[in-house]
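Asks: As annotated by TrEMBL, compositional bias 'Polar residues' applies to 471-489, 568-583, 701-710. According to TrEMBL, the feature domain 'Topo IA-type catalytic' maps to 1-316. Per TrEMBL, the feature domain 'GRF-type' maps to 520-559, 604-646. The feature region 'Disordered' is assigned by TrEMBL to 97-123, 456-501, 561-583, 645-710.
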Amino acid sequence: MCMEDPTATVVQVGSKPKSKWRPVALDTVEMEKLVSRKLKIGAKETMKIAEKLYTQGFISYPRTETNIFPKDLNLTTLVEQQTHDPQWGGFAQRILERGGPTPRNGSKTDQAHPPIHPTKYTNSLQGNEQRLYEFIVRHFLACCSQDAQGQETTVEIDIAAERFFAHGLMIIARNYLDVYPYDKWNTKVIPVYEMSSRFQPTTVEMVDGETSPPQLLTEADLISLMEKHGIGTDATHAEHIETIKSRMYVGLTPEQRFLPGELGMGLVEGYDSMGFEMSKPDLRAELEADLKLICEGRKDKFTVLRQQVQKYKQVFIEAAAKATKLDEALSQYFGQAAQPVDAQEIYAETPLPVRKCPQCNRDMVLKTKRDGGFYISCLGYPSCKTSIWFPSSVLEVSRDESVCDVCRPHPVHKLKFKFKRGSVPPLMPLEFVGCIGGCDETLREVLDLKYLQGGNRAAPQSGPREGNHLHVNQSNNRMGNSRGGQSRQPPAKKEKAPKLVTPAVPVPRAASSENNEVVCNCGTNAVQLTVRKEGPNQGRPFYKCNGGNCNFFLWADQEGGASGSAPPLQNSGGRPSNSFTNPRESVGFRTGSGDMGAEGQATCMCNQPAVTRTVQKDGANKGRQFHTCSKPREQQCGFFQWADENIPPGGSGDFPTSFGGGPTAQRGPGTKSKRSDYNSSDRGPTAKKQRTCGICHQPGHNRTSCPQNR
């Protein structure tokens, strides 16, 4: 009908004043949104620049939820500071001439900081700093100005009984628009119409159209939605946005709009498929709301903490149980999920720290040499070259989870060694767990550890330290050799006190209990096992620590003490001496002995009266009394003396008894010296003699069950 008879009749003409409101005082969220829209600066960069301007004294604190100027803030002085600027100075002057600033306040306050405003004038800024400062100044002046005023005209016409409207706008007073170019209010001019007049429209058209999908979000749109749904705060919006960008959940189009990434889409779809809308902001919004209520004193923080932890825990449990839903959702974008890899395969090559470097305090880790050997290296290499090179006799080595209680700095992990047969003392097992920190004397000698520094392990209980290695009797290196009945004499050195050491192999304490139980180093009953591995010892029973907390080992058939062996040799120092031999070397472990005090009473090496005890273990010495240190077992000095003798055992002779191996000490004229290996048991066709202890040199028991080892 309108197309057939397009004559229009003016039905009504109206005119009314129109205002465009000036902006309210600026808070953090509004600044982030406006700067993102108008200046195209991201929220994170905006906050970074704003904080810099604040520290320079040009603007107020930029993190605020307040958009109400306090009444005691002198806005007139702030406006006066801006009158010197050539761009907006004239506008600031007009504000003062019209009665001063009249800010448009909002409705929010955090009771902490005022709205963002300039605090000092400057014209020395450059780049985005200058752009952001100018925006804050113009927004402040616009807020303190007046609304823009205009006159709107509305015309209603009738065409074939259909009503149409036209609107025109004439701006009367621009006011704040003169200083605030970020808002637009354009004049729309229409002709002057009179009531009941008739006219012929220039064109009459029927236009087809359709709706369009919403555009992708800009950063300002996203901040508005985050504020609406309670995600984050004014101080964390920018951080959250940077997080989803850095994690590749979203990307940016050339128009700087957010585009969901494949990972982000997969996560949202995966969480939604679990049956609850974890991708929605409700859970986070509840937490943010509770935090605000805590600040207002309307909720207890401990109650909120307990409730929120319970909620998140329940969600986590459900999500973990349905984790395959995430795999299924992500597989639509990234392909099928790979088969899970065993954790040991993932971390097999990750070096674990063994101890701290004694030089630079960096971690030292176990590494493999090109030839298959092993060494421990400092992670500070090449600036720190501290290292421990293990000999070829070490077939395997790995870090044990146990930690040494003695060595420092803590923790010093023990190592699990597997030695080549014949490379260690006979009573030392081929598979051995020990500390390389310096407290294990046997391991120090076997591995020849030389890197240790004086402050890296606890001091011994008695006797001064002798450098970084064991005290030795005579050597051109570190061991005493004997060959052809002659002994090498060491160069003259400053004589040092012998060092009291722990026996190389842990042994049971003979008089520690009233029964025949074998006790390990931990003070608990040892467990008896049988050798299963093929070899000469298959089927042989032995004792070891029941809890695996110490390195105790003892053959069960040696526990009573007697078997054929070569007779002991005597030492030359008047003291019992423990030693072991290898094909080329012999090392002596020195121990001390006590003396007789006043009136014939035995005195231990602590200069305290010794106590008298009785051997309880079955054997030749069962029921025999002996003197020993009176202190608790962990603090004893190692003193031992038979009660029916007035001298310490082994008080005469020249050389120490071999540690389970053949004799290697100097012999008398006309005797032959024979080198023996650790695993050598063939001594040739010699007469079998009664075996004696290698410590006290008495028959009826061996060194592993000697009472001196209490």
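From the backbone N, Cα and C atoms, a Cβ is placed for every residue, glycine too.
These figures come from a predicted structure and were not determined experimentally.
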Asks: With DSSP as the yardstick, break the domain 'GRF-type' (604-646) down into helix, strand and coil residue counts.
Replies: 3 helix, 12 strand, 28 coil
Asks: State the mean pLDDT for the domain 'GRF-type' (520-559).
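Replies: 78, rounded to a whole number.
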Asks: Tally the residues of the domain 'GRF-type' (520-559) by DSSP class, grouping H, G and I as helix, E and B as strand, and everything else as coil.
Replies: 3 helix, 12 strand, 25 coil
Asks: Quick check on the region 'Disordered' (97-123): DSSP residue counts for helix, strand, coil, in that order please.
Replies: 1 helix, 2 strand, 24 coil
